[in-house]
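First the structure, in the form of structure tokens, and then the observations on it.
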Amino acid sequence: MGRAPCCEKIGLKRGRWTAEEDEILTKYIQTNGEGSWRSLPKKAGLLRCGKSCRLRWINYLRRDLKRGNITSDEEEIIVKLHSLLGNRWSLIATHLPGRTDNEIKNYWNSHLSRKIYAFTAVSGDGHNLLVNDVVLKKSCSSSSGAKNNNKTKKKKKGRTSRSSMKKHKQMVTASQCFSQPKELESDFSEGGQNGNFEGESLGPYEWLDGELERLLSSCVWECTSEEAVIGVNDEKVCESGDNSSCCVNLFEEEQGSETKIGHVGITEVDHDMTVEREREGSFLSSNSNENNDKDWWVGLCNSSEVGFGVDEELLDWEFQGNVTCQSDDLWDLSDIGEITLE
């Protein structure tokens, strides 16, 4: 279903109107009036559709039509009425004498709507829109457009090339790399202040050396020997007893060589081991004299069954006859009694 066609299209002319057709239509309407647009073409002797005759008369041939461009005042009225009425172009045309609804609609779609959208996109406020701003923008754009036409055409902005993107990326990464050492220096300077370096800004390696020396001065090593351990540095001397502690840390380089950490040194390991061996041998020999088993104990101390670990602080003995004797500390003469064999 739908509206019936005004007339049959077969044998009718289409396209632009000629001056003769405009003259025939104008004379007929002036003498007979508009009347019915369906029967008007046949009565006037035109091979045109009734709709085509109506649009030609209303939009072009009327005497009360305004010719020329739409003024700024008319633009203001159109914007205000459109905000109130919407797309009701016929009602808007009644407030603009000499302008047709078709002309107003075409002007809105082609000019005003685009300018209003651009203005609201820049300002970000669509409610407080002033028509004067739109009109001023139109005048400014027309003047600037005339100036730009006289100048040479500018290069069109397209997508950025990959080479420029790579250069930008390299510049960004380089700036980040330069900023990182500054942050590290600030961190080390703060760490030096927390470590009682009196606010001196030290490098990373100097800061680590200072921390190592501070840790060496605070660490504790339990000495198990009864003799005094005297360092190479004369300022640091530690005398120890049975369960005394010394402020030193051991890192042995080779067996029988002197070990060094910073400025602290200790006596040779071989010397300590020989002293302990002689002391233990004398102790065992004294006990063997009491039990009349001197030969067996002396042979035990001098035999290869006694194992000395160079890297260990404890001495392990494995005796024959399933008798084992281990000591975590040095032997106390008061606690040792007679040893009985199975």
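Quick reminder: no glycine exception, Cβ is built from N, Cα and C everywhere.
Feature annotation from Swiss-Prot assigns DNA-binding region to 37-61 (among others). Per DSSP, the secondary structure of the DNA-binding region (37-61) breaks down as 17 helix, 0 strand, 8 coil.
The feature DNA-binding region is assigned by Swiss-Prot to 89-112 (among others). In terms of DSSP secondary structure, the DNA-binding region (89-112) contains 18 helix, 0 strand, 6 coil.
Feature annotation from Swiss-Prot assigns compositional bias 'Low complexity' to 140-149.
Marked as compositional bias 'Basic residues' by Swiss-Prot: 150-169.
The feature domain 'HTH myb-type 1' is assigned by Swiss-Prot to 9-61, with sequence analysis given as support.
Under the heading domain 'HTH myb-type 2', Swiss-Prot lists 62-116.
What Swiss-Prot records for 140-169 is region 'Disordered'.
Per Swiss-Prot, the feature motif 'Nuclear localization signal' maps to 154-161.
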May I ask for the residues of the chain that lie six or more residues beyond the DNA-binding region (37-61) and have a Cβ under 8 Å from a Cβ within it?
6-7, 9, 11-13, 17, 21-22, 24-26, 28-29, 100, 102-103
